[in-house]
Amino acid sequence: MVKQIESKYAFQEALNSAGEKLVVVDFSATWCGPCKMIKPFFHSLSEKYSNVVFLEVDVDDCQDVASECEVKCMPTFQFFKKGQKVGEFSGANKEKLEATINELI
């Protein structure tokens, strides 16, 4: 399941409550073509990797979170463990997304 993040507080809360689990954050926008293309794959990964926390941040709805995380383009995927960023890449690259998850779990 992918959790939709709608505030800076909800983002921090989600990172904190994840504990030891890997957190994957998809920074996207409704008007972004590549974001729409990879979204179903991101959701399917959330079903496949039940021990990983998947979050989705709409950069237009949560500009403060996107700014704090220094997101420059969409889609950007960031990976967190114990509240610390441990990885990041931009672009709708399905293979890289799944490979990065496997590398970090």
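Indices start at 1 and increase along the chain as displayed.
Even glycines carry a Cβ here, placed using N, Cα and C.
The annotation active site, nucleophile is assigned in Swiss-Prot to Cys32 (among others). Taking Cβ-Cβ distances under 8 Å and a sequence separation of 6 or more, the neighbours of Cys32 (active site, nucleophile) in its chain are Met74, Pro75. For the recorded site, Cys32 (active site, nucleophile), the DSSP three-state label reads coil.
What Swiss-Prot records for Cys35 (among others) is active site, nucleophile. Every protein chain shown contributes to the tally, and the Cβ of Cys35 (active site, nucleophile) ends up with 21 other Cβ atoms within 10 Å.
The feature disulfide bond is assigned by Swiss-Prot to Cys32-Cys35.
A strand conformation is recorded for Lys3 (N6-acetyllysine) in the three-state DSSP classification. Residues or ranges marked as N6-acetyllysine by Swiss-Prot on the basis of similarity to another entry: Lys3 (among others).
The feature N6-succinyllysine is assigned by Swiss-Prot to Lys8 (among others), with similarity to another entry given as support. Reduced to three states, the DSSP call for Lys8 (N6-succinyllysine) is helix. Same-chain residues at least 6 positions away in sequence with a Cβ under 8 Å from that of Lys8 (N6-succinyllysine) are, in sequence order, Cys62, Asp64, Val65, Glu68.
Annotated N6-acetyllysine per Swiss-Prot: Lys39 (among others), in sequence order. DSSP assigns Lys39 (N6-acetyllysine) to a helix.
Here Swiss-Prot flags Lys94 (among others) as N6-acetyllysine. The C-beta environment of Lys94 (N6-acetyllysine), restricted to residues of the same chain at least 6 apart in sequence and closer than 8 Å, consists of Ile38, Phe41.
In the three-state DSSP reading, Lys94 (N6-acetyllysine) counts as helix. According to Swiss-Prot, the feature N6-succinyllysine maps to Lys94 (among others), an assignment based on similarity to another entry.
Just so you know, the Cβ of Lys39 (N6-acetyllysine) picks up 17 other Cβ atoms within 10 Å once every protein chain is counted.
Residues within less than 8 Å, Cβ to Cβ, of Lys3 (N6-acetyllysine) and separated from it by at least 6 positions along the same chain comprise Ala14, Val53, Phe54, Leu55, Glu56.
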